[in-house]
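Notes to accompany the following structure.
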């Protein structure tokens, strides 16, 4: 049976792994390659690296570490951060990234998704979506340029519409990052993820809010996502990946042990 | 003085992205490995890897443009196709990529590549899934039900040429083979210890003991 994936996310800033609370106040948590190797060893199914400063500051991720990660770890990984052109994507894939994730640049120019799909196939095109619950209107909406608080802005997109749009244009996977939940470890937004799941024919990765092992069980069993992404619970040693996977197996969640 | 580099194991430079992951995986096994599209080096290698990501049409067009199709078809040493590289070993692929006709492939293993019927589950089939293996030397020491990493939407059906099976909506070939040609649909280079063992098994093969 296809296993549910546990995906540690390493937010990268200036070549180091960092983590902030609700995208703010970033603190350094470690070096990229040793942390990657540790997570692979502990049973992570996949890794995601986000250069959180890249999109907002008009620059591309420093790529030297991508090939160092590819040399050393033997599980798949995805690279995100300011990838705006087919040429940039090609370079990252050539360095050994398995997938590239596009967020803000796809909102600015949705045709980027089609062009990348034509060139590389949809299997390596991941769309990251930063979604938040707008309490005033009671709707889910998409934000752009979230890597930098000063640059963050609202978009014209309702989350459900953007989820449909990116699939139509040819993405192979979606990471839904629920911003209201990020970094506060109160659990994944099951309600929102369930809504998006019902619209999503490609694999869906839940992101934002993981605090306990039960949160992972819930997001797999209730929202039926394919993968769950988390950062601080792993970086801070609150949850051990091996223990998490043993727990999920006990709860009858298909898990690669 | 410079000499032409040679290597026991040659990875064909198909022009697709993502060749380095396969090379790194062999290097982690301390293999003598080289990525090249040089016909003499490919012909002279003890074993050959045919990697590939993207669409069948684009990958076949790249092989044609590099004049490698007949050369690959004539290889007598063990050849391992990976992912799209496995699919290219087939007769044809229904992945048309906007064209009006099926994509003609290398016709080394007589199977047709068709869309995976996931029975409504998300596509691509992406992630770690379990394989049922045959007693082919490629899977020596691999336990039934081992997890390997898949990313694909098309598949080879089950046939006499199936070397390993997987299930996602339907059962399909996780690996195929005929004579010295074999291919895996999954990515051994990204499949942790299980994948490394499969690649190590491949590294033990040569023309004498080959597939």
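Including glycine, each Cβ sits where the backbone N, Cα and C put it.
Curation does not apply to TrEMBL; its annotations are automatic.
Look at TrEMBL and you will find B:83 tagged as active site, nucleophile. Look at TrEMBL and you will find B:187, B:189 tagged as active site. According to TrEMBL, the domain 'Glutamine amidotransferase' annotation covers B:11-203.
Long-range Cβ contacts of residue B:189 (active site) within its own chain (separation 6+, distance under 8 Å): B:21, B:22, B:24, B:25, B:82, B:195, B:199. Each residue contributes its Cα atom, and for residue B:83 (active site, nucleophile) and residue B:187 (active site) these two points are 6 Å apart. Sequence-distant neighbours of residue B:187 (active site): residues of the same chain at least 6 apart with a C-beta under 8 Å from its C-beta are B:21, B:82, B:83, B:148, B:149, B:150, B:151, B:195.
Summarising the environment of residue B:83 (active site, nucleophile), the number of other Cβ atoms within 10 Å of its Cβ, over all protein chains shown, is 28. Summarised as a single figure, the pLDDT of the domain 'Glutamine amidotransferase' (B:11-203) averages 95.
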